[in-house]
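Let me begin by presenting the structure, written as structure tokens, before commenting on it.
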Amino acid sequence: MAARESCCAGCYSFLFEYDTPRIVLIKSRKVGVMNRLVQLAILAYVIGWVFVWEKGYQETDSVVSSVTTKVKGVAMTNTSELGLRIWDVADYVIPPQGENAVFIMTNLIVTLNQTQSYCPELPDKTTRCQSDENCMKGYVGTHSNGVQTGKCVPYKATVKTCEVFAWCPVEDDTRVPKQPFLKEAENFTLLLKNNIWYPKFNFTKRNILPTINSTYLKTCIYDPKTDPFCPIFRLRQIVEAAGQNFQEMAVQGGVMAVQIKWNCDLDKSASLCVPRYSFRRIDNKDSVHTVAPGYNFRFAKYYKDASGGDFRTLIKAYGIRFDIMVFGTAGKFDIIPTMINIGSGLALFGVATVLCDVIVLYFMKKRYYYREKKYKYVEDYELGGNETYGSQS
Ligand SMILES: *[C@@H]1O[C@H](CO)[C@@H](O)[C@H](O)[C@H]1NC(C)=O
């Protein structure tokens, strides 16, 4: 019978009773002021930082972009090896078109008229020899220019080296010119054409702004103060804006980043969405660690002589690669992020209560008194004896 009674009591209370937490009001100036201060800080964070500064009411999208480049400029050189020569875009931009990057040759080591034949190797520790005994037929090292034939032949009057089967004469790249070969490269210009697209907002724009006309475009040069939207850059300016010296960098080559930043607030006028350019050197160049500096690679141009034999001109090209990087986010008002941020802002107010509770109940002098008031203490049923469940006692 007792079991059924208690079951009924359970049903009864489930249906016909309502419980609600009791709220304790502490009349303390200290705690009251503290609570309001914490709430104020949270309000300032939500409104000031989340909404005004970080634009929490906006949906954001990141940029999709394409870049094309065009270099202009000519250089003239006059050396004993090559004679008087003009270098134009087709000579110094390698390859002629690239993906978001353009390489401009500034220095080079040319080896003319190489043919496949036999010649002495460059002298170094492993290739110097006194007689044929020092050379090994068929030997190829990592730094070899060809396959050794096993003969020891004179390289210069006093130096003998092992003979190799290779593209001869072999390239001597031990003496990199101290001065860049194409000094005039500092005055070459680079035109960047950049189209961007924010797919979520279906917003497109290009870095040649609608306000720029073709006469301006023919004459302008980018300058951060006077012409910040001109898309034509002098190479020296790019390098110097990154705190480097062009002529120094041109000797061994390097890699520069041209960063285009498109941060757009699409709640405002589209004309305020403009590119910002910045430059930095991204190959690592520090004054302490100077092993294997710069940037270079080799390529060759092949020809046939009258009798049909191959010969080639080998070029070891040093130069500066300009990598064009496009960044950006656009934001536009949207109801969903707004609601999410309002919701999480309101939830943060709970932090004020928790914080004040902790301080009141654990750190204040009168904490025992407050605890007494906040909690209703109940003894364990087994030990306490006569406290019974509910109001039915
Ligand atoms: C680049 O142009 C400037 C100004 O026109 C000139 O003074 C300078 O000599 C040029 N640089 C080279 C290497 O020719």
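Backbone N, Cα and C atoms are what each Cβ position is placed from, and that goes for glycine too.
Note that TrEMBL annotation is computational and uncurated.
Residues or ranges marked as transmembrane segment by TrEMBL: 37-53 (among others).
Around the Cβ of ARG298 (ATP binding site), the number of neighbouring Cβ atoms within 10 Å comes to 13. What TrEMBL lists as ATP binding site is LYS70, VAL71, LYS72, THR189, ASN296, PHE297, ARG298, LYS316.
Annotation note: CYS168 (disulfide bond) sits in a strand segment as assigned by DSSP. Taken from TrEMBL, the feature disulfide bond covers CYS119-CYS168 (among others).
In this view, CYS152 (disulfide bond) is surrounded by 21 other Cβ atoms within 10 Å of its Cβ, with every protein chain counted. Taken residue by residue with DSSP, CYS152 (disulfide bond) is part of a strand. Residues or ranges marked as disulfide bond in TrEMBL: CYS129-CYS152 (among others).
Sequence annotations record features per position, and here TrEMBL assigns disulfide bond to CYS135-CYS162 (among others). Same-chain residues at least 6 positions away in sequence with a Cβ under 8 Å from that of CYS135 (disulfide bond) are, in sequence order, CYS129, GLN148, THR149, GLY150, LYS151, CYS152, CYS162, GLU163. In the three-state DSSP scheme, CYS135 (disulfide bond) falls into the coil class.
Here TrEMBL flags ASN187 as N-linked glycosylation site. Proximity of ASN187 (N-linked glycosylation site) to non-local residues of its own chain (separation of 6 or more, Cβ distance below 8 Å) is seen for GLY73, ARG234, LEU235, ARG236, given in sequence order.
CYS230 (disulfide bond) falls outside any helix or strand according to DSSP and counts as coil. Here TrEMBL flags CYS220-CYS230 (among others) as disulfide bond.
Other Cβ atoms within 10 Å of the Cβ of CYS273 (disulfide bond), summed over all protein chains shown, number 19. Annotation note: CYS273 (disulfide bond) sits in a coil segment as assigned by DSSP. Marked as disulfide bond by TrEMBL: CYS264-CYS273 (among others).
Look at TrEMBL and you will find 342-364 (among others) tagged as transmembrane segment. Within its own chain, the transmembrane segment (342-364) is flanked in space by residues 26, 28, 30-31, 34-35, 38-39, 42, 45-46, 50, 370-371, 374, which lie at least six positions past its ends and keep a Cβ under 8 Å from the stretch.
Listed by sequence, the residues of this chain that lie at least six past the ends of the transmembrane segment (37-53) yet keep a Cβ under 8 A from its Cβ atoms are 341, 345, 348-349, 351-352, 355-356. Closeness to ligand 1 is met by none of the recorded positions VAL71, CYS152, ASN296, LYS316, no Cβ falling under 6 Å from the molecule.
Closest to LYS70 (ATP binding site) by Cα-Cα distance, out of the disulfide-bonded residues CYS168, CYS220, CYS264, is CYS220. For THR189 (ATP binding site), the nearest of the disulfide-bonded residues CYS119, CYS168, CYS220, CYS264, CYS273 in terms of C-alpha separation is CYS220.
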